[in-house]
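Chemist: This is the structure I have questions about; it appears just below.
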Amino acid sequence: MLDLPFLPFCILLGCLGIVCVAFVTAWCQHWRGGFALDGSAQMFNWHPVLMVTGMVVLYSAAALVYRLPPAWSGPKLPWKVLHGALALAAFALAVLGLVAVFRFHNDHGTPNMYSLHSWLGLATVLLFSCQVGAAPAPHAPAPCAPCPHLPFPQWLGGFSAFLLPWAPAWLRALYKPVHIFFGSTILMLSMASCVSGINEKLFFSLKNGTTEYKRLPAEAVFANMLGLLILLFGVLVLGALARPSWKRPDADSPDACQVPAPLQGHAR
């Protein structure tokens, strides 16, 4: 694989993420009637915008924080704060997106949680908010060795294990691979939820419109392109996360990176 520089790739991802948000906003504004807060169909339009912005774009930004070259040296705590803040912002937008769709369904007597899209979407948000992971305890003997399986809420677990400076090294070593694995899994589920939601919305809306979905009207072409853009963005993010040369060097241990740079020299 070509040894691509990360920063130009990161700029490309940023532009692509902005395009995804612009596309979903334009779709809801131009073809779906805009936005409102009154329980109408216009309130539903907040759902795709908030989900794409939160669970795809902001969530990906949080995942890529540690790939930024400035995060490779010096104190790691500011980058942990940024990572946690972006993840929390993504979760907040996702919750608001769920509020919008449930409010719309309840006000119009529409059943909730009957489609594959709704199952995928709720499972994704629940996994993000309350991820339960089990990881084997490290083989190295330690007087305070943990039990073989530990459940952790995703955001709270990451906050406790990586952000708090007094978190023990064994806790970080135990939880880090679980956190990374489920982080990528949640992004893939977010992509699947968004694409299935776009397709479901087109089937419902164009079935009652002047032009059927199978006739491929302009709205269908635009929304299909949005789905492809989301998939492209997500695949590129997953590729960036999997690229070894773009990962923070292992020499910067979690413990050492909690200490300001001037103190690290004395610690050595």
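For all residues, glycine too, the Cβ spot is worked out from N, Cα and C.
Annotations per TrEMBL:
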type     : residues : note
DOMAIN   : 12-242   : domain 'Cytochrome b561'
REGION   : 246-268  : region 'Disordered'
TRANSMEM : 6-28     : transmembrane segment
TRANSMEM : 49-69    : transmembrane segment
TRANSMEM : 81-102   : transmembrane segment
TRANSMEM : 114-134  : transmembrane segment
TRANSMEM : 154-171  : transmembrane segment
TRANSMEM : 178-198  : transmembrane segment
TRANSMEM : 218-241  : transmembrane segment
Chemist: Among 6-28, 49-69, 81-102, which stretch has the highest count of C-beta pairs below 8 Å with the transmembrane segment (218-241)?
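Modeler: Most contacts with the transmembrane segment (218-241): 6-28.
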Chemist: Can you work out which residues elsewhere in the same chain, 6+ from the ends of the transmembrane segment (6-28), have a Cβ less than 8 Å from its Cβ atoms?
Modeler: 34-35, 45, 48-49, 52-53, 56-57, 60-61, 64, 67-69, 219, 222-223, 225-226, 229-230, 232-233, 236-237, 240, 246
Chemist: Could you give the residue numbers and ranges of same-chain residues that sit at least 6 residues beyond the transmembrane segment (49-69) on either side and whose C-beta is under 8 angstroms from one of its C-beta atoms?
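Modeler: Contacts of the transmembrane segment (49-69) (Cβ under 8 Å, skipping residues fewer than 6 from its ends): 6-7, 10, 13, 17-18, 20-21, 24-25, 28, 35, 79, 82-84, 86-87, 89-94, 96-97, 100, 121, 124-125, 128, 183-184, 186-187, 190-191, 193-194, 197, 230, 233-234, 237, 240-241, 246-248.
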Chemist: So what's near the transmembrane segment (81-102) in sequence-distant terms, Cβ-Cβ under 8 Å and 6+ beyond its ends?
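Modeler: Cβ under 8 Å, 6 or more out: 43-51, 53-55, 58-59, 61-62, 65-66, 112, 121-122, 125, 128-129, 155, 158-159, 163.
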Chemist: Tell me, roughly as an integer, the mean pLDDT over the domain 'Cytochrome b561' (12-242).
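Modeler: Computed over the domain 'Cytochrome b561' (12-242), the mean pLDDT is 85 on the 0 to 100 scale.
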